[in-house]
């Protein structure tokens, strides 16, 4: 997927001066992560964020703890928001949008973070053309999300800037055509699970080599974090960074050789492709 360079997040003063109100239809964990990041970064004040009660009271309490405004109904959230994030489970997106359709207008920007729900369906169910679809991932919970967005036919540059500022508050953001979204799901959407498995396996290897469990897990997780940061911040190809660690006849190349015997790279490639294929089947 060819992606443009990341654009810097607009400074908080400029975004606050924009004065838009952000509403969440659905107050789940991902919605909370976005709301917390937006408020903590100063992209918007917490008072500009609103949602409606959730079937689980603790979800409303989580938003209230941020300082967000709790309204009585989703209809009130739509009426009192400029940017409306659809953050319900994918299987009820159609029902929710059909219910809200009479309340939506061209003045409202609709943002969907529902996995697997395509732009055409969002448009048909909502009657809207001013839509941006975003695919974030679970590291949004710690402010390290990888999010990809695509723009609907009526979304403006101002809309794109607003949404970029929101999701830059919880990680990094790319813009891509919707045709890439199944592959995005296979890579960054499902990818955290692959990395969790790798961390668990590395820690198990440390224990097998004689390390205490807590030390092995701490070393494995920090090593993955450090390696990922090096790729992200140096701009060097991961193969180049790998070569810098692998001395002739050394310990690292001995480990790499074992990974190659086990088809480590081929297995990861197959995992991404399989997840992307499954996403296409489900959508």
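Every residue gets a Cβ built from N, Cα and C, even glycine.
Quick look at what TrEMBL lists:
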type	residues	note
DOMAIN	21-116	domain 'Pyrroline-5-carboxylate reductase catalytic N-terminal'
BINDING	25, 26, 27, 28, 29, 30	NADP(+) binding site
BINDING	74	NADPH binding site
DOMAIN	178-282	domain 'Pyrroline-5-carboxylate reductase dimerisation'
Secondary structure composition of the domain 'Pyrroline-5-carboxylate reductase dimerisation' (178-282) [DSSP: H/G/I, E/B, coil]: 90 helix, 0 strand, 15 coil
Long-range Cβ environment of residue 25 (NADP(+) binding site), under 8 Å and at least 6 residues apart: 51, 52, 74, 77, 78, 84, 85, 86, 87, 88, 96, 100
Binding-site residues: 29, 74 - member with fewest neighbouring CB atoms within 10 Å: 29
26, 28 as binding-site residues, winner by CB count within 10 A: 26
Residue with minimal Cβ packing [other Cβ atoms within 10 Å] among the binding-site residues 27, 30: 30
Average pLDDT across the domain 'Pyrroline-5-carboxylate reductase catalytic N-terminal' (21-116), rounded to a whole number: 93
